[in-house]
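These features come from Swiss-Prot:
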type     : residues : note
ACT_SITE : 176      : active site, thioimidate intermediate
BINDING  : 205-228  : NADP(+) binding site
């Protein structure tokens with residue numbers, strides 16, 4: 001029962017250190033396996049149009065990182081798969097659940113992508129279950145990620161339908177306003193929702209949304225995530241597809257939600273917004289910093305790889321870990 005579930009979020013939790021057993025943090029192994037493939041980090045940039053495009057996807061794949069291409073260039077998906085496969089790289093795409101997507105999935109038999117993510121806001125739906133079953137029938141070797149969900153019941157149903165991983169998080173993201181527009185979601189208790197869902201899961205969980213610091217990656221792993229999807233921390237880089245805007249001599253980049261009017265092209269069923277982020281440096285530099293910070297997390301956990309993070313103790317400190325400091 002949910003009433004028995006402790007409610008907390010990332011800023012409420014502090015992990016407790018164990019004795020360090022490695023000589024240098026650089027010895028810590030941050031790699032993760034998803035399906036048949038291993039990746040440098042247990043993180044994936046959000047499959048949003050201001051976060052990833054074909055060039056960013058190619059760069060990530062070449063450097064050994066996981067990626068999920070967004071679904072908003074429907075006609076470009078098959079050429080993208082061919083582009084990646086011609087270079088010996090994995091193809092990881094997104095689909096929706098509309099009728100024409102069934103025909104599209106069937107058309108992929110000749111050149112199936114390694115990963116397909118079923119990407120809708122409310123993933124605990126009969127339409128998602130049907131699409132999982134269709135993909136598994138047509139492309140049995142493709143790893144299927146389904147979401148987004150926020151309850152153990154949803155995780156179990158999608159897994160039982162054939163999903164290889166589920167994405168947990170409804171509305172906790174920086175440019176998502178689902179909780180305000182609908183009254184529903186995991187905003188404000190995303191980490192507790194992750195813990196709740198992970199206890200029911202038999203397959204990998206991808207935590208999606210609410211990540212504000214690199215330390216939140218370690219916390220996500222502690223509470224059951226195999227992979228962590230991140231939007232805002234990956235937005236605003238030189239390589240990011242978001243439009244660059246200059247305000248009073250300072251450069252910013254657009255970052256907007258997939259359910260925003262800017263993505264949809266019309267103000268209809270809007271559950272996302274647009275913000276401007278100060279322009280950052282190169283994406284590779286952020287990835288290196290994430291890796292180094294996660295290596296430090298592993299050293300504090302008293303382990304050699306990310307599995308050690310799953311077993312550390314923690315305290316709930318309720319909104320006090322910043323102690324008046326800002327990030």
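Cβ from N, Cα, C; glycine included.
Because the structure is a prediction, the values reported are computed rather than measured.
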Exercise for the section: Give the number of CB atoms, excluding that of residue 211 (NADP(+) binding site) itself, located within 10 Å of its CB. Expected result: 27
Fill in the blank from the handout: According to DSSP, residue 217 (NADP(+) binding site) sits in helix
Completion exercise
CA pair residue 214 (NADP(+) binding site) / residue 176 (active site, thioimidate intermediate), Å rounded to integer, equals 20
Completion exercise
Sequence-ordered list of residues in the chain of residue 220 (NADP(+) binding site) that lie 6 or more positions away and have a Cβ within less than 8 Å of its Cβ, or none, is 191, 194, 207, 211, 228
Problem - residue 217 (NADP(+) binding site) to residue 176 (active site, thioimidate intermediate) - Cα separation in whole Å - result: 19
Practice task
Take the C-alpha atoms of residue 223 (NADP(+) binding site) and residue 176 (active site, thioimidate intermediate) and report the distance between them in angstrom, rounded.
Solution key: 22
Handout entry: Residue pair residue 226 (NADP(+) binding site), residue 176 (active site, thioimidate intermediate) - Cα distance, angstrom, rounded
Key = 23
Completion exercise
Whole-number Å distance separating the Cα atoms of residue 176 (active site, thioimidate intermediate) and residue 205 (NADP(+) binding site) is 20
Handout entry: Three-class DSSP secondary structure - residue 208 (NADP(+) binding site)
Key = strand
Exercise for the section: Taking the Cβ of residue 226 (NADP(+) binding site) as the centre, count every other Cβ atom within 10 Å, in any protein chain shown. Expected result: 20
